[in-house]
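The structure appears right after this line, and notes come after that.
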């Protein structure tokens, strides 16, 4: 019975990864085609494209780890392999989180309005602020990598230069993974906090705008209010998906003794994979250009499919 549930959980994770590949690949492809045709790309599309590539990279890394852990349940892992796996996971997850936070920061500076000299100064330099935020995050990535590598060196020395990579082993499941998750929670909470802050400030900006409209007896919504609402709808889904991702990390920390159970690990992976896969679908639905291109592709596929079926029926009737 456990084998059936494990296979079902693994199948669900793989489906989520495939959906994430398709969604993020579509975003990257559409933006790259527009970039090639127009010979220029906007700052927003730059962030979306970089975010899509980072999540493709993240999902590919997760898929590789799942495939290896499923096919080879007992693998002797050297110090270099452990560091390599963790570097790819940390690197891809770092840029996935920080680029998403930079996207929220870009929306906030572009849409929100505050009569403050500092805010106006930042608003006039959106590209520099976003680029600077991403560059400063590299320091956190370096620190996170340094801490993880120091921990790996210490533990591998304790286990005589090797670790038995077995999810049923207490050495790796309940100890090694927990420290990794704790570090990820600490460093991942920073971009998540930034996203929450920009989300709350957008709500406050919308509230101030509505209050100002009421004072001037303007009852109909204007363009600025509509822009606030559209961005807030996108930010709400992002915050919820990111909260689900943090839930999966918290589950692994609070119930660390269950990490030796492969079913529990797979369930946490299912919850965590919702964020990079689901957010790409949300971005496609909320972005006008991406949504229009996606609907055009669906219409083209529908036409191809409807023209393909009569040809099959004609060939089958000729055979019989």
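Cβ coordinates come from backbone N, Cα and C, glycine included.
Feature annotations, reproduced from Swiss-Prot:
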- 1-8: topological domain 'Extracellular' (TOPO_DOM)
- 9-29: transmembrane segment (TRANSMEM)
- 30-55: topological domain 'Cytoplasmic' (TOPO_DOM)
- 56-76: transmembrane segment (TRANSMEM)
- 77-88: topological domain 'Extracellular' (TOPO_DOM)
- 89-109: transmembrane segment (TRANSMEM)
- 110-128: topological domain 'Cytoplasmic' (TOPO_DOM)
- 129-149: transmembrane segment (TRANSMEM)
- 150-185: topological domain 'Extracellular' (TOPO_DOM)
- 170: N-linked glycosylation site (CARBOHYD)
- 186-206: transmembrane segment (TRANSMEM)
- 207-233: topological domain 'Cytoplasmic' (TOPO_DOM)
- 234-254: transmembrane segment (TRANSMEM)
- 255-264: topological domain 'Extracellular' (TOPO_DOM)
- 265-285: transmembrane segment (TRANSMEM)
- 286-320: topological domain 'Cytoplasmic' (TOPO_DOM)
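Between the transmembrane segment (234-254) and the stretches 9-29, 89-109, 186-206, 265-285, the greatest number of Cβ pairs separated by less than 8 Å involves 265-285. Fewer than three CB pairs closer than 8 A are found between the transmembrane segment (9-29) and the transmembrane segment (186-206), and contact between the two stretches is not assigned (pairs 6 or more residues apart). The predicted model assigns the topological domain 'Extracellular' (77-88) a mean pLDDT of 76. Secondary structure by DSSP for the topological domain 'Cytoplasmic' (30-55): 22 helix, 0 strand, 4 coil. DSSP labels the residues of the topological domain 'Cytoplasmic' (110-128) in these numbers: 12 helix, 0 strand, 7 coil.
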